[in-house]
Amino acid sequence: MGDSSSSTSWSSKKDTEDDRMIAFMLSEEYSKLDGAVGRRLSNLAPVPHVPRINCYIPNLNDATLDHQRLLQRLNVYGLCELKVSGDGNCQFRALSDQLYRSPEYHKQVRREVVKQLKECRSMYESYVPMKYKRYYKKMGKFGEWGDHITLQAAADRFAAKICLLTSFRDTCFIEIIPQYQAPKGVLWLSFWSEVHYNSLYDIQAAPVQHKPKRKHWLF
C-alpha cells in the first residue's frame with residue numbers, strides 16, 4: 001500500500017514538473033507572438049480587474065450585439081481568435097492554448113487553478129459569496145464555467161499577466177495582474193459577453209485552427 005501511494009505521488013509530481021517545463025519552453029518560443037498582440041493593443045488603457053463570480057448571463061439579443069462588437073474590435077486591432085469549444089471549459093481551454101499552444105490541456109490548467117484556490121484561501125475567499133470549500137470543489141468539476149476569480153487565481157498560479165479583449169460596451173480591455181509576484185509572461189484572451197473565452201493572436205501569426213466542437217455555442 002505504501003509503495004503504491006509513493007509511486008502515485010511521484011507520478012503526480014513528475015506530471016506537474018513536466019507541465020511547467022513545457023509551459024516555460026513554449027512561453028519562450030512564443031514570446032514574440034505575445035509581443036505582437038501587445039503592440040496591437042498598446043494604445044488601450046486597461047481597466048483594473050475585480051475578481052467576482054459569474055452573476056449575469058445576457059439574453060440572446062444582448063449577446064448578439066456583444067458578439068458583433070467583439071468582432072469589430074478584433075478587426076480594428078488586426079487580431080483573431082483561436083476558437084475553443086463552448087463546453088463549459090472554455091476559459092481553461094483558452095488559457096491552456098496560451099500556455100501550451102493547445103487547448104487540450106484544459107484539465108491540467110483547471111487542476112492548477114483549483115490548487116491555487118485551495119492553497120491560498122485568504123487571497124480569494126472575500127470575493128466568494130458562498131461556502132468557500134463548496135466554491136472550489138464546484139470549480140474542480142469538468143464543465144463548470146470559470147469566472148473572474150479563477151482568472152485571478154490563474155494569473156497568480158502561472159505568474160502571468162492575463163489580458164482580456166472584451167465585448168463590453170464601456171470596457172474594451174482588462175488586465176489581470178499576479179498579486180504577489182512580477183509576471184513572467186502574458187496570456188491573451190478574448191471575452192464575449194460573460195459567456196465565452198477564446199485564445200487571442202495577431203492575425204499575421206495565428207496558428208492553424210482545428211475546428212472545435214460547437215456544443216452549447218450561440219454562434
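Counting begins at 1 with the first residue displayed.
Positions of Cβ are set from backbone N, Cα and C atoms, glycine also.
Taken from Swiss-Prot as is:
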{"type": "DOMAIN", "residues": "79-203", "note": "domain 'OTU'"}
{"type": "ACT_SITE", "residues": "ASP87", "note": "active site"}
{"type": "ACT_SITE", "residues": "CYS90", "note": "active site, nucleophile"}
{"type": "ACT_SITE", "residues": "HIS196", "note": "active site"}
DSSP three-state call for HIS196 (active site): helix, strand or coil?
strand
Determine how many residues of the domain 'OTU' (79-203) DSSP places in helix, in strand and in coil.
55 helix, 30 strand, 40 coil
Alpha-carbon distance [HIS196 (active site); the residue listed as 'active site, nucleophile'] in Å:
6
Could you measure between HIS196 (active site) and ASP87 (active site) for me? Cα positions, answer in whole angstrom.
10
Drop a 10 Å sphere on every Cβ of the active-site residues ASP87, CYS90, HIS196 and tell me which sphere holds the fewest other Cβ atoms.
ASP87
